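Trainee: The structure that follows is given in the form of structure tokens.
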Amino acid sequence: AAHGARKMEDYGRFLALLASTLLVGFLSVILSLVWVFHYREGLSWDGSPGEFNWHPVLIITGFVFIQGIAIIVYRLPWTWKCSKLLMKFIHAGLNAIAMILAIISMVAVFEFHNAKNIPNMYSLHSWIGLTAVIFYSLQLFLGFAVFLLPFAPVHLRVALMPIHVYSGLTIFATVIATALMGITEKLIFALKNPAYSASPPEATLVNCLGLLLVVFGSLILWMASRPHWKRPPAENAKILRPIGATPEGTEAESTMTNSSNADKSDLRGNTEAARKQNIKFDEAGQRSTM
């Protein structure tokens, strides 16, 4: 009973954290819209500053908020009964949407700069931002090829999984850092009278937006790095087939047999020991991709 109560308390803590994260994310998107509609020229697609404004709005909506949700989507406990493949599609789909929005937002900046004869790609913000977009697209492509399509061998998935996770979290953190640089740059350029240094209301609003982005990022990274909120590898542990008895579609179950000599009941229970033995198989998302 104590174990059950601890599980519920942990679940409650997860839900509270998830709710806070979503709230901070929504608030960031709302503040970006208040910024461009109340203090700037709104949104348009005609080479005016309104076209530039798509950039902060789409970056915060797609590259920060939606990417953040994509990162923690496997952690949602009510999805643990769903097939892993479905969750992979959701993870890949959200990341693809974030990618598309990021690309549109970059096109907006280049078009605006060219219409106004402003040089492109000279600032640190633009260098790191473009780097993040390039690495994100590579990550998306490799993730799709290795983890979603059923062709990659298990050992390759196992080897690439930690790299995939590390890259994803690093790119996400870099995007937030780049957004903070972009916000600062924009305020310094745009606030002339009164100047940024005079702390007009716009400056305060947008500084708060930056704070929210940092809070959002740290909440996502916290949820993504707690081992006990990992999707449990229970499905793998159910069947320990002898090697050779695996049908084509089930990738990792056969490898399970030589992973340990723990007895079956120990593996079936979701004990810490079972979880540790299973972890390297689940890492690679090794359930049937059929």
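Placed from the backbone N, Cα and C atoms, the Cβ positions cover glycine too.
TrEMBL feature annotations, pasted as is:
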- 252-262: compositional bias 'Polar residues' (COMPBIAS)
- 263-290: compositional bias 'Basic and acidic residues' (COMPBIAS)
- 20-225: domain 'Cytochrome b561' (DOMAIN)
- 247-290: region 'Disordered' (REGION)
- 14-37: transmembrane segment (TRANSMEM)
- 57-77: transmembrane segment (TRANSMEM)
- 89-110: transmembrane segment (TRANSMEM)
- 130-151: transmembrane segment (TRANSMEM)
- 163-183: transmembrane segment (TRANSMEM)
- 203-224: transmembrane segment (TRANSMEM)
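Can you walk me through where each of these features ends up in the structure?
Mentor: Note on the transmembrane segment (130-151): residues 63, 88-89, 92, 95-96, 98-99, 102-103, 106, 121, 157, 160-161, 164, 167-168, 171, 174-175, 178, 249, 284-285, 289-290 of its chain, located 6 or more positions outside it, place their CB under 8 angstroms from a CB of the stretch.
Residues 14, 17-18, 20-21, 24-25, 27-28, 31-32, 34-35, 39, 60, 64-65, 68, 71-72, 75, 169, 172-173, 176, 179-180, 183-184, 186-187, 191, 196 of the same chain, all 6+ positions outside the transmembrane segment (203-224), place their C-beta atoms under 8 angstroms from a C-beta of that stretch.
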Trainee: Considering pairs 6 or more residues apart, do the transmembrane segment (163-183) and the transmembrane segment (57-77) have at least three CB pairs under 8 Å?
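Mentor: Contact between the transmembrane segment (57-77) and the transmembrane segment (163-183): present, because at least 3 Cβ pairs are under 8 Å.
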Trainee: By a Cβ-Cβ criterion of under 8 Å, what residues six or more beyond either terminus of the transmembrane segment (14-37) are in contact with it?
Mentor: 43, 50, 53, 56-57, 60-61, 64-65, 68-69, 72, 75-77, 202, 205-206, 208-209, 212-213, 215-216, 219-220, 222-223, 229
